[in-house]
């Protein structure tokens, strides 16, 4: 008798995606982040659902409803902090996942890569609208500053901003619609993730060497299921250490002050995972230029397949490209640090230099280095 998992219409899909999926035999722990992102998404949807049961999206009661969750709801504090820190974990995994794709040339799977970039934008949008919901000082002013950036769009900018606000400032209408967006977007992310997987399974996974691995495949279960479980346990350990010992480590103290439109915080900054993009935005003195640089800092990922000049797919055997890649990572970390600093003398110039080098490395130095490496190998 044929196994039910191979014949049943629903179980067949699961089987082909997670059990009998032929996987390369040499994929490293950098390939764990896809499953970790899935776990993060499920965790965020579940904790978010329980938070939504007690949260009220009204300017008068939003802040106190979050306080009520932490003080009065059974285990509300742990749900709230798992959701807040789970978002940080989500982004750490996302950046690792994208970095892996850049390093090993996974961007040559065009559909998978482009849907991944759309996913990144969607997750960033979700995190932004979610950060507004507790209605603290940083929530309010973050929403005001970031939505205001759209006013830099010529001709339609001001109308667009007022349309998003639902009035002439960030107010009740804005909070209500942001809650609606924050509730629906994770389900759109889940649907996009399925499409992402669908396209990935059309081609099969890449591997560290970048060489086709059709001749050496192993079943996903049990080899990679057990490996993913280990990754999940480590992620859970790290998340729970954060939640139970330092829940506010990555948050902003200003968000424990209720939103006050009459009092601007001395230093408005987004969550830690957006600081690199925020630093690029601030490093350009012109408003429209800053907004374009902000969008391009992420959208540049779409150009990666076009900028690939090497005759090898992966960076595994390309030491010069490896050096450039890690310099790029160092620049992103520098930008993250600068984004959290006040706009003062040494930080301004460091931010501008790091921003210029970020674009320079991706657009010029990496393609040129790849060409040089081709010539060194006499290709």
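Any Cβ shown, glycine's included, is placed from N, Cα and C.
Remember, it's a predicted structure, so these values are computed and weren't measured experimentally.
Residues annotated as heme b b562 binding site in Swiss-Prot: 83, 182. Residues or ranges marked as heme b b566 binding site by Swiss-Prot: 97, 196. Residues annotated as ubiquinone binding site in Swiss-Prot: 201. According to Swiss-Prot, the transmembrane segment annotation covers 33-53, 77-98, 113-133, 178-198, 226-246, 288-308, 320-340, 347-367, on the basis of similarity to another entry.
Counted over residue pairs separated by six or more positions, the transmembrane segment (113-133) shares fewer than 3 Cβ pairs under 8 angstroms with the transmembrane segment (320-340), which leaves the two as not touching. With respect to residue 83 (heme b b562 binding site), the closest of these binding-site residues in Cα terms is 97, chosen from 97, 196, 201. When Cα-Cα distances from residue 182 (heme b b562 binding site) are compared across the binding-site residues 97, 196, 201, the shortest belongs to 196. Of the two recorded stretches, the transmembrane segment (347-367) lies close to the transmembrane segment (288-308), with three or more CB pairs under 8 Å once pairs fewer than 6 apart in sequence are set aside. Counted over residue pairs separated by six or more positions, the transmembrane segment (33-53) shares at least 3 Cβ pairs under 8 angstroms with the transmembrane segment (226-246), which defines the two as touching. Long-range neighbours of residue 97 (heme b b566 binding site) (same chain, six or more residues apart, CB within less than 8 Å of its CB): 33, 34, 37, 116.
Neighbour counts were taken as the number of other C-beta atoms within 10 angstroms of each residue's C-beta; across the binding-site residues 83, 182, 201, the minimum falls on 201. Around the Cβ of residue 196 (heme b b566 binding site), a 10 Å sphere holds 21 further Cβ atoms from the protein chains shown.
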